[in-house]
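TrEMBL annotations:
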BINDING   Arg79, Arg104, Asp131, Pro132, Met133, Leu134, Ala135, Thr136, Gly137, Val138, Ser139, Asp200  5-phospho-alpha-D-ribose 1-diphosphate binding site
BINDING   Ile194, Gly199, Asp200, Ala201  uracil binding site
DOMAIN    7-208  domain 'Phosphoribosyltransferase'
Amino acid sequence: MQNVTIVDHPLVMHKLTHLRKMETPSREFRELVKELSSLMAWEVTKNFPLKEIEIETPICKTTQKVLAEKDVVIVPILRAGLGMVEGFTNIIPKAKIGHIGLYRDPETLQAVEYYKKLPSDIAEREAIIVDPMLATGVSVIHTIRLLKEANCPNIKVVHILACPEGIKAVTTAYPDIPIFCAAIDDHLNDHAYIVPGLGDAGDRLFGTK
Ligand code: URA
């Protein structure tokens, strides 16, 4: 599938199954989302550029590779995206964090923005949008548009779970944007929940149900 990477490492699959289980409590759910985010961050950063530097080991001088400076901004979509931030900053500690708050208007079904705070140097940063669920795609499409309007040069999107409807919506609107997810589930139900899914990611993260 064009521009979609499924991170199906056995550790990811194992943790995802426990995340889906309805009896998994919030404390464990938060921990699993953090761990899954870190595991996915390995894949997302796979093509980060390296540069060579001279170092000295106890044995001799040698030329070896380190990460070339790359400025990153992690952009969680509130509120469930917050659960993925720490997993990413564990792997990319120098990343800045931007926040986008959206809700879906029940009548128009469009995303309504209630909060936006992005770093002032966003036009020089690679953005990684994080939101555990890709359902209709409305929120992530809105967020990609905001980042493009802010001249963000390079944007990636990371979800834990996606569905065919959401993948189609985002890849149709933005075929150039890479999407990473751990699984693409069967379908969206009439209430815009992913099936089989894991329920409401925000409620499960924050214990609000
Ligand atoms: N958001 C969620 O939290 N869960 C879904 O299944 C779909 C959207």
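Any Cβ shown, glycine's included, is placed from N, Cα and C.
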Residues among the binding-site residues Arg79, Met133, Ala135, Asp200 that border ligand 1 - Cβ under 6 angstroms, in sequence order: Met133, Ala135, Asp200
Ala201 (uracil binding site) versus Ser139 (5-phospho-alpha-D-ribose 1-diphosphate binding site) - Cα distance in angstrom: 14
Which of Gly137, Gly199, the listed binding-site residues, has fewest other Cβ atoms within 10 Å: Gly199
Where Met133 (5-phospho-alpha-D-ribose 1-diphosphate binding site) falls in three-state DSSP terms: strand
Averaged pLDDT, computed only over the residues in the domain 'Phosphoribosyltransferase' (7-208): 96
From Met133, Ala135, Gly137, the binding-site residues whose CA lies within 10 Å of that of Asp200 (uracil binding site): Met133
Cα-to-Cα gap, Ala135 (5-phospho-alpha-D-ribose 1-diphosphate binding site) vs Ala201 (uracil binding site), nearest whole Å: 11
Using Cα positions only, nearest of the binding-site residues to Ile194 (uracil binding site) (Arg79, Asp131, Met133, Gly137): Met133
Which same-chain residues, if any, lie at least 6 apart from Arg79 (5-phospho-alpha-D-ribose 1-diphosphate binding site) yet have Cβ under 8 Å of it: Gly101, Gly202, Leu205, Phe206
